[in-house]
Amino acid sequence: MNNSPTLSNTRNRKNNNNNSNSNSNSNNNNNNNNNNNNNSNNNNNNNNNVNRNVNNRNNNNNNIINVNNNVSSTTMNMAKDFMNWNDGIIEREDTQLQQQKDRCFKILKKSTIACIVLLFISCTIIYSMTQYPSVSGGDAGELIVVAHQFGVAHPPGYPLFTFLGYIFSHIIPSNTLSVAWKISFMSSMIGSIASIFIYLTVYLWVNNHWCGLLSAYMFTFSPLIWMYQIQGEVFSMNNMFVAMLMFLGVWYTRVRIFENERYNTAFWTSERIAYLSAFSCAIGLTNQHTLVLIVIPFAFWLMFISGRDQLWNIKILSNLVFYTLIGLSPYLLLFITPKLNRVKYSWGNTSTLRGFIKHFLREEYGTLQLYGGDGGVISLFTKISIYIENLIIQFGYIGLALSLIGLLNLLLGYNIRTFKWKSFGTMIIFSFLFYITFFFNLCNLPIDKPLYRGVFLRFFMQPNVIISITMGLGIKSIFGFLNRIQRDGGTAATTTTTISKIQKYLLPIIIILLVGNQIGFNYNLQDQSDNYSFYDYGHSVLDGLPRNTLLLVGGDLVTNVPMYLHLCEKVRPDIDILSMEIMSWEWFKITQSPLFQRVKFPGNVYHPYIPDGYSLKDFLDANINDRPIYIGGDFKSGDSSFQNDYYTISKGLTSQIIPKKDSHKFNTFKIIKTTFSTFPSFHIPNNTEKYPNDSWEHFMMEEMAVSLERAAETLLKEYLSQQNTESFKALELSVEILEKALTYVNDKCWSLKHLGICFDHLRYRVVQNVNNNNQQAQNKASNYSKQLLYFWKKYINQCTHEENTDQDWETIKKVIQLI
């Protein structure tokens, strides 16, 4: 806005000259000087200059002061520029803008309060009706454990979430509701507050409740948002802070505009809104660091564009710094918590300055990395394509079209035509593009793998806040455009009537239909109220363990879910659960190992290749004679030291670690046969539409299948080379186990291949050990051949990605051709 006057506070520019222009003649309409008469004869004047009356605070006689018409007109244009109102589509009549001016300092009118209450109650009720009844997958188990115990979460700590989670998990007086449900309910309520901020943003922007409700509901009940806001995760609060910053930007802009036209007697001046914005930016960063990608463009716009003439003085800057530090204060909990409340499964040694900085900067993962391993090389274009495809899933074609119209209106409207790049709409577009380009370039997740693709998708929620806001702007743009067409083509009377009817009936009907479709289409897909699968999975891991077992775990699912049941719901208090991931950090010896009195740690850290480190073999040697040791999930990669002295026998979802010198004491076939007969049986979420391959439910089913594959692998290693009755039974048992594995995941390549191997060996043994004239044996061998052919054909057709790594690939193809 190169031609717009500099914004300044009305306190400094108020006119105290009560005699200026008060006696001007009423016939000066055509006079080129800038003094205009406030005489009542000007009511019929057709010129477009608008008289502004400013109340003089020092005038006890309430004398009216006339403001210069040119200044008034320029201020009006400036207002439209800042809010993208001057683009010819989202257009306001002067009288409408005057009404907004009169009400700008009073956001919470009765109608607004009614919409806020409606949003909060409806969203919270629907969310609570569809929540997980207990623990869910991913990081939720760990975050709930840490929040309930008031510990420190994985880097960067999430102190705001854990603090509020601790309050919610203890303040709700109910023994029937699980700890996980209580913290998930907190997320649901916070998600409802995010919806309120989205509504207020759009409402303050276009002055239409229905447009605000459309944006709020479409966002709240989009599949991705719904999924993560009904479980104990940090994303719900992060969405709330993104929406809050959008709201504060619009609010600050409006108050600044109208402070130039009259003295603001309300509490919330633009200066105080700036302080609130600083506090909100800071406290939002104590929940999740990805908010910084929204904070950076927002803070730049606030300090260097919209408030550059107001906020750059020592007093205000000092206050902004003060409120920023207050907002960051929850990070003090990372210092205090380890000293006052040492609990199991709490991360880091944050009680020291070095430990705090290391945790805050996520140095253990890589400060600017989401993934600690070697991520896949995926182009930015591919990632953006995935995002656009996902937008269609989230909002449908109509919702995406409305968002596109809203974005184009901001991008190609008055801003570009007159280079008004300083508007709030421009800031929103820049924030969206900044997040998309910066984060997608930063993301090093191997998204070619389904589970990590799901992790990648959850970071779409922040830009989706902006997309939902532009949806409300888009539908308002359409109706504004239709209004202009009718205004240009009809008489004044008919136009007014038509516009009124459109606004009053058609807009609400369309919005109700869109919102109803969004909720109705996604409700069943997001309803997790009966999903006890993770709860049952955790019990299946823990319930079969012998008394006083030491359970080593590796992997998020097999760690977080059993840990939640053990520490929050006090399941199996006799056992100890140790995460091999946490054992490998240097701080474990200081903060965690003292809490495990019955466990011996033969060094400072679980790392076989550093001084004072120890290997898994050293750890097992120190503890194997004291208690049973089981492993759940995977061993730590890079440490094979134990393999010469220990082996494992699969027992359900875990495996017992046994010294090889004691192997004669165990009959592998009988043990696996017994445990397979009692293999966990619970409701499996096998609805592929509801639980696609990037969901934690699908990953859990894969873990179930892998546990069965481990049992079959143990049998095959021991019995495949043997030629006796027990080995034949072991092969038959392996077939049963692998066929069950395929009921969980029907395209498990390892199972398909080794089923063929089992049938090949069974066929060979039948043919070799019985008389060829035995028809029953021949039929049995023929059946084995058919089964071999079926599974190996399926393996070749479905597992083409194994061709370059499987040395048996060509052999299997030749066998298929021969049979």
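Every residue, even glycine, has its Cβ placed from backbone N, Cα and C.
Keep in mind that this is a model prediction, so the values were computed, not measured.
In Swiss-Prot this protein carries:
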type	residues	note
COMPBIAS	1-10	compositional bias 'Polar residues'
COMPBIAS	15-68	compositional bias 'Low complexity'
CARBOHYD	ASN18	N-linked glycosylation site
CARBOHYD	ASN38	N-linked glycosylation site
CARBOHYD	ASN70	N-linked glycosylation site
CARBOHYD	ASN349	N-linked glycosylation site
CARBOHYD	ASN531	N-linked glycosylation site
CARBOHYD	ASN686	N-linked glycosylation site
CARBOHYD	ASN693	N-linked glycosylation site
CARBOHYD	ASN783	N-linked glycosylation site
REGION	1-68	region 'Disordered'
TRANSMEM	113-133	transmembrane segment
TRANSMEM	152-172	transmembrane segment
TRANSMEM	185-205	transmembrane segment
TRANSMEM	210-230	transmembrane segment
TRANSMEM	232-252	transmembrane segment
TRANSMEM	285-305	transmembrane segment
TRANSMEM	316-336	transmembrane segment
TRANSMEM	391-411	transmembrane segment
TRANSMEM	427-447	transmembrane segment
TRANSMEM	459-479	transmembrane segment
TRANSMEM	505-525	transmembrane segment
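By the Cβ criterion (distance under 8 Å, sequence gap of 6 or more), the transmembrane segment (185-205) is not counted as touching the transmembrane segment (316-336), fewer than 3 such pairs being found. Ranking the glycosylation sites ASN349, ASN686, ASN693, ASN783 by Cα distance from ASN531 (N-linked glycosylation site) puts ASN686 first. For ASN693 (N-linked glycosylation site), the nearest of the glycosylation sites by C-alpha distance turns out to be ASN686; the candidates were ASN349, ASN686, ASN783. With a cut-off of 8 Å on Cβ pairs spaced 6 or more residues apart, the transmembrane segment (316-336) and the transmembrane segment (152-172) reach 3 or more such pairs and are scored as touching. Highest Cβ contact count with the transmembrane segment (285-305) among the listed stretches 113-133, 152-172, 210-230, 391-411 falls to 152-172 (criterion: pairs under 8 Å).
The stretch in 152-172, 427-447, 459-479 that contributes the largest number of Cβ pairs under 8 Å to the transmembrane segment (232-252) is 459-479.
Between the alpha carbons (Cα) of ASN783 (N-linked glycosylation site) and ASN686 (N-linked glycosylation site) lies a span of roughly 30 Å.
Within 10 Å of the C-beta of ASN349 (N-linked glycosylation site) we count 21 further C-beta atoms, all protein chains included. Working note on the glycosylation sites ASN531, ASN686, ASN693, ASN783: by count of other C-beta atoms within 10 Å of each C-beta, ASN531 ranks first. Cα-Cα distance from ASN686 (N-linked glycosylation site) to ASN349 (N-linked glycosylation site): 41 Å (rounded to the nearest whole number).
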